[in-house]
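Down below is the structure, laid out as structure tokens.
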Amino acid sequence: MVDRHDGAIDGDSGDEDQPLMTESERRQATGGTDGDIDNGIHVGGGASRGRGPANAQDAPTVSHPDDRHHPDAPLDSDNTLHVEDDDSDPPTPRFVQDEHAWKRWKWVPYPVRRLIRAVRKWSKGPPNAQPYRIKPLFPVVQEYPLWLVERFLPRRKQRAWLLFFFFSIWLIAFVLVKRKETIVSEIAGWGAPQAIGCGTSYWDAGNECGIDGSQCRPFADSGFAFRCPASCDKYLVLNPRAVGDQEVIYQPLVVGGPSNDVHPELATYRGSAIHAGLITNKKGGCGVVQLVGRQQDFVASQRNGFTSVGFDSYFPLSFQFLPGVDCSSSDTRWSLFGISLTFTIVLSLFTASPALFFFPVFTGIFWTVGMALDPPTAKTVTALFSNVLGKFIPAAFTSWVIFDKMGVRRTLTGLTAQVEKTVLWLGGCWVGAMTNYTLDFIPIQRLTAHDLNQQPGAKAALAIIIILLVVIVAFQVWFFRMEARFRKYIKLYLVFLLGIVISLLLPGLNLRIHHFVLALLLLPGTSMQMRPSLLYQGLLVGLFINGIARWGFGPFLETDAALQGDAQKGTLLPTVHDPIIHLSNNTAALSNITFSWEVPEAKRYDGISVLVNDVERFRSYFGDEDEKKEFVWSRNSTLDLPEYFRFALMSGSDSGDYTKAGTWTAGGDWKKMQPGPSRVKARSAIEGEGRLRR
């Protein structure tokens, strides 16, 4: 059916009686345009009607009232081609269009496929992506140091000689100041002070000093000169340590000392010296420890920023600090920090080369941390140098990977914002390298499940850190997408995630995220030239430096025993019966208490050990000819002090976990121990704690 404007071929039009034109008449009327008419197309501005010339444009227009109603008359319309659109059929659904693309994934629901397609399209980034570049604020000011270098040192040889003298002065100044720290005056009658760590004491905890402490004698009329470093207030007890019936954790281990400055050997020398006012926490110092034998009733107090724990009984080995000792010793860590900070700032301002900036800064900060700001425990400077050198060699190779493969080169290349680079990147690096000062307020000592459950505030702090990281990661993801590099880096982090999951599933091993591991995981996500990335990257490089310079390349997969440290071992505790107590009377001057126990069924345990006030007083082996099945402890009726008893099973001469303390009160009553183990085992000397060997 062809639409018309004035008439239509229709059953109701009344034109059915009109005669039709013959074929020849129609050809003449149309002027040879039959094909066009038959196809429903009106050609030309005016259509010729009836007989006339072959060319309609050359013939005059003939108008007849009935022509336009003729069945073969041309349409009375303009030149526009009117095509009828058939909208009865809807467009092809999207899921049908995608049928071929998802032929192998038909089992995936269509909404999921649509989401995946949208994410894939989004992750590709914009088509005209460009890398971010920092435009310096106040470029004339920030680029002025570079202009000075170009102006006065145009030749490469001149710059090389200047760098040689620059690094030489830095090294010489550092060595001379560090040497000053080693010069300590001898103390008359005591000799040269020996260096001690923040957690050093003279007493081996548990049963390591033997029966009655015979392996830790002498108890009195002896002593030694010591020298200790600064900032030992950062040294905390990370696992519960028993003092009487108390347990000390997450604080310096200082016991007693308010009136006569006497401390039991349960305490550490360094914290006790600060508590006594002999030395300062800021500079360290030196002095003389004198052993004074058995003392009692150590009262708790708070002095010089340290809070001591009370111990209301006696201990066979105590110490005090000799007054009036003339010695001079100083800790030069802050002087060394000032030297390295100054030289790194100058280098950062006057250097545009990424490699020339990164590697000297990395080296200088590493040695400053290892030798001064957070040094590992060592008795001499030469031993400390050897320790740090052994860590620096592999760290130097790792620094190249960080620079070339983890985005540092990309971030620093072409950067002329010298002041912003110094403040953000270099400042962040120093903050990360000094985490023992800058991030010490965060209540997380070790990132392990045990410590997170044990340390107050650790879970809340971790939650805040995770939220902050999520926000930072979200912004970094967006920036990577805008550079069209998101897909590359998301694949890398999926590999990291897979490795972490596998590590968590390995039997017998525990994943421990060290400082350097965390830094290496996050550094690739900072490989772009933006101000936030400058700060993040510098902070992570500093975190890596601190972790290696202080602790070394520790394994990130550790056994339960390695993670345990000085925590409870989880060994079986002995079953001790209620004691029998005999108090003194007119006929007996001594009171006594008798303990008995059950022999464990487990064959791995060979005997039992008993501590009285944390000194081993009894040891017996099951099945020996001289086996003792009871422990009798006597005391004078004039002793008006409580006594604390702990019991542990032994394998050979090694004791397992000791029970919590049971108390024989001053009045003669027995206060039963609470369930569970206590901690009386010292940490290793490698971590700054242990017995001082003379």
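For all residues, glycine too, the Cβ spot is worked out from N, Cα and C.
Any TrEMBL annotation is an automated prediction that lacks curation.
Under the heading region 'Disordered', TrEMBL lists 1-95 (among others).
The compositional bias 'Basic and acidic residues' annotation in TrEMBL covers 64-83 (among others).
Here TrEMBL flags 160-177 (among others) as transmembrane segment.
Taken through DSSP, the domain 'LCCL' (192-309) splits into 17 helix, 44 strand, 57 coil. Among the features that TrEMBL reports, domain 'LCCL' is placed at 192-309.
Under the heading transmembrane segment, TrEMBL lists 336-369 (among others). Away from its own ends, the transmembrane segment (336-369) comes close to residues 145-146, 148-149, 163, 166-167, 170, 173-174, 177-178, 375, 388, 392, 395-396, 399, 403, 408-409, 412-413, 415-416, 418-419, 421-422, 425-426, 429-430, 433-434, 541-542, 545-546, 548-550 of its chain (Cβ-Cβ under 8 Å, at least six residues beyond either end).
Annotated transmembrane segment per TrEMBL: 381-403 (among others), in sequence order. A Cβ distance under 8 Å defines the sequence-distant neighbours of the transmembrane segment (381-403), meaning residues of its chain 6+ beyond its ends; these are 178, 181-182, 354-355, 358-359, 362-363, 366-367, 370-371, 375, 409, 520, 523, 541, 544-545, 548-549, 552-553.
Summarising the annotation, TrEMBL assigns transmembrane segment to 423-439 (among others).
What TrEMBL lists as transmembrane segment is 459-480 (among others).
Per TrEMBL, the feature transmembrane segment maps to 492-514 (among others).
Positions annotated as transmembrane segment by TrEMBL: 534-553 (among others).
Positions annotated as region 'Disordered' by TrEMBL: 669-694 (among others).
Residues annotated as compositional bias 'Basic and acidic residues' in TrEMBL: 684-694 (among others).
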Exercise for review: Using a Cβ distance cut-off of under 8 Å, indicate which of 459-480, 492-514, 534-553 has the most pairs with the transmembrane segment (423-439).
Suggested key: 534-553
Practice item. Looking only at the domain 'LCCL' (192-309), report the model's average pLDDT. Key: 83
Practice item. Using a Cβ-Cβ cut-off of under 8 Å, list the residues of the same chain that are 6+ residues beyond the ends of the transmembrane segment (492-514) and lie near it. Key: 446-448, 521, 524-525, 547, 551, 554-560, 563
